[in-house]
Amino acid sequence: MDSATEKHLCPSVSPDIETTRNTSVDADALKLAEMGYAQDMKRNYSVWSVLGVGFSLTNSWFGISASLITGINSGGPILIIYGIMLIALISTCVGISLSELASAMPNAGGQYFWANELAPKRFTRIASYLTGWLAWWGAMFTSASVALAMGSAMVGCYQLGHPDFVIKPWNVFVAYQLANIFCFLFNCYGKTLPTVAQTTLWTSLVSFAVILITVPAVAPTHQHAKFVFATFINNTGWQQGGIAFIVGLVNTNWSFACLDCATHLAEEVHQPERMVPVAIMGTVTIGFVTSWFFSMAIFFSIVGDFAEIGASATGVPILEIFYRALNHKAGAVVLEVFIIATGLGCLVASHTWQSRLCWSFARDRGLPAHRWLATVHKGLDVPLNAHCVSCGIVAVMGCLYLASLTAFNSMITACIVLLYLSYAIPVVCLLIRGRNKIPHGPFWLGPVGLVANIVLLIWTLFTLIMYSFPYAKPVAAGNMNYVSVVYAIVAFITGMDWVFRGRKSFRGAGERMVEKGSSGGTTVDVPRH
């Protein structure tokens with residue numbers, strides 16, 4: 001490593017940091033101080049609780065069950081079975097890329113912090129600022145998509161027990177808001193969050209096991225292997241089967257999204273340079289195993305016409321599958337309750353994630369009202385203001401469903417693509433700087449990491465273009481893919497904030513170290529690119 005690079009990433013420290021070192025304060029807090037940050041959050045998380053948050057959020061088998069309605073029409077069993085394999089492979093590359101950076105530079109800011117550290121000097125602030133906004137928006141759209149899935153599931157359970165009830169958009173909207181408010185409460189007290197995270201992890205695994213065993217065991221008939229492994233269904237109106245497959249792949253991709261979640265808990269776990277990569281790669285591994293076996297078991301257990309399942313009056317295909325397999329409404333509702341419990345745990349984890357993103361970005365003045373948003377409530381040990389604002393925006397996002405019944409697909413597409421873009425920016429900066437010109441963390445895969453970086457960038461470009469296609473043809477106002485409108489709104493808000501506030505107040509790595517040195521009455525070397 002050359003001396004200039006070493007000086008940038010390991011700048012000389014101010015006397016107050018030297019005092020910290022000499023008093024043998026926690027090594028993790030010292031590393032954080034060398035980055036220019038104070039230890040504001042307590043390190044309450046273990047590797048299991050970080051894995052719990054990460055997997056509870058990604059929760060691949062739950063994602064497949066919640067988004068099955070699009071998969072039924074856009075590829076059928078082939079899409080789900082082989083799509084999971086494809087997305088799991090790509091997600092492994094994404095996980096490797098994130099893990100390498102998290103291991104080298106563990107910080108709650110995650111990708112926006114890495115962009116700040118790695119981008120060329122002239123682009124440092126804008127690269128970091130843009131990454132932070134993309135990540136935060138992506139996190140909030142994730143919460144919105146999960147809350148909408150929960151709203152649909154709860155209303156669907158009611159409809160199954162009341163066949164005369166006709167589901168209207170406002171019914172799902174109200175259930176969406178109730179799910180958002182309920183899960184909001186869990187993130188208001190920091191000390192219980194690690195326990196909640198581990199509980200949601202086990203809830204997900206137990207729910208998976210119960211459904212995996214029960215449904216195939218009680219189904220009166222079973223599909224043949226050809227149906228599960230070689231049946232392609234295209235009810236999208238697209239004449240090209242490949243386009244139909246890609247349209248449906250959005251939902252499979254959603255099941256492996258949000259892999260950066262664990263990186264934003266780097267300041268709440270000991271030895272984050274080791275623990276965060278374990279959580280990220282563990283999430284991908286568990287996600288693939290559970291989602292693939294879950295999908296296979298469900299498809300073998302389908303009773304009746306596949307098309308009728310997609311047209312179920314409940315609006316929830318997985319619930320209809322349960323009902324046909326068990327031939328018992330109460331039993332089907334019980335299994336769906338397992339999925340709802342898992343989904344609520346997913347939403348709690350998503351709220352944890354988005355609040356940490358908001359808080360960490362605000363402390364570098366990346367958001368309006370940054371002083372207020374960057375405050376950690378000392379009694380509750382959570383960034384309560386950031387949590388309230390993020391959940392409030394998610395509540396407003398629910399209005400999209402009232403405007404379009406395809407809002408769910410638009411939400412998950414925005415979630416996927418915005419997050420991929422936020423990963424791509426620091427990875428591009430890393431490749432420009434040179435992978436071997438930064439200090440490596442314990443998790444570093446050399447040439448394998450380079451391949452993973454390239455796959456991530458190619459896939460990001462692919463999703464940005466292909467996931468913007470309409471979900472069905474002929475295209476009408478009710479089934480239009482409005483994700484391009486979402487991109488435009490995000491770009492407008494981010495751009496306006498940058499022009500009128502961000503470009504003047506947002507601080508990068510150099511400003512952090514200068515301010516830290518100035519506050520101690522000394523100066524420090526400012527890292528240069």
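Every residue, even glycine, has its Cβ placed from backbone N, Cα and C.
Note that the structure is a prediction, hence the values are computed from the model and not measured.
According to TrEMBL, the feature transmembrane segment maps to 45-72, 78-98, 126-150, 170-189, 201-222, 242-266, 278-303, 333-353, 411-432, 444-469, 481-500.
With Cβ pairs under 8 Å as the measure, the transmembrane segment (411-432) is packed most heavily against 126-150, out of 126-150, 278-303, 444-469. Counting same-chain residues at least six beyond the ends of the transmembrane segment (78-98), those with a Cβ under 8 angstroms from any Cβ of the stretch are 60, 64, 68, 71, 111, 228-232, 245, 248-249, 252-253, 255-256, 259-260, 263, 280-281, 283-284, 287-288, 291-292, 295-296, 299, 420, 423, 427, 445, 448-449, 451-453, 455-456, 459.
With a threshold of 8 Å between CB atoms, the same-chain residues lying at least 6 positions outside the transmembrane segment (333-353) that come near it are 52-54, 56-57, 59, 62, 65-66, 139, 142-143, 146-147, 149-150, 153-154, 156-157, 160-161, 179-180, 182-184, 186-187, 193, 196-197, 199-201, 203-204, 206-208, 210-211, 214-215, 258, 261, 264-265, 316, 318-319, 322, 326, 387, 390-391.
Within its own chain, the transmembrane segment (242-266) is flanked in space by residues 45, 50-51, 53-54, 57-64, 67-68, 70-71, 73-75, 78-80, 83-84, 86-88, 90-91, 94-95, 98, 101-102, 106-111, 135, 138-139, 142, 145, 232, 234, 236, 272, 276, 279-280, 283-284, 287, 291, 349-350, 352-353, 356-357, 360, 409, 412-413, 415-416, 419, 422-423, 463, 466-467, 469-472, which lie at least six positions past its ends and keep a Cβ under 8 Å from the stretch. Here the transmembrane segment (126-150) has Cβ contacts under 8 Å with residues 57, 66-67, 109-113, 115-116, 119, 172, 175-177, 179-180, 183, 254, 257-258, 260, 340, 343-344, 346-347, 350-351, 353-354, 357-358, 361, 364, 366-367, 390-391, 393-394, 397-398, 400-401, 407-408, 411-412, 414-416, 418-419, 421-422, 425-426, 429, 486, 490, 494, 497-498, 502-503, 506, 508 of the same chain, all six or more residues outside its ends.
Highlighted: of the candidate stretches 170-189, 201-222, 278-303, 278-303 has the greatest count of Cβ pairs under 8 Å to the transmembrane segment (45-72).
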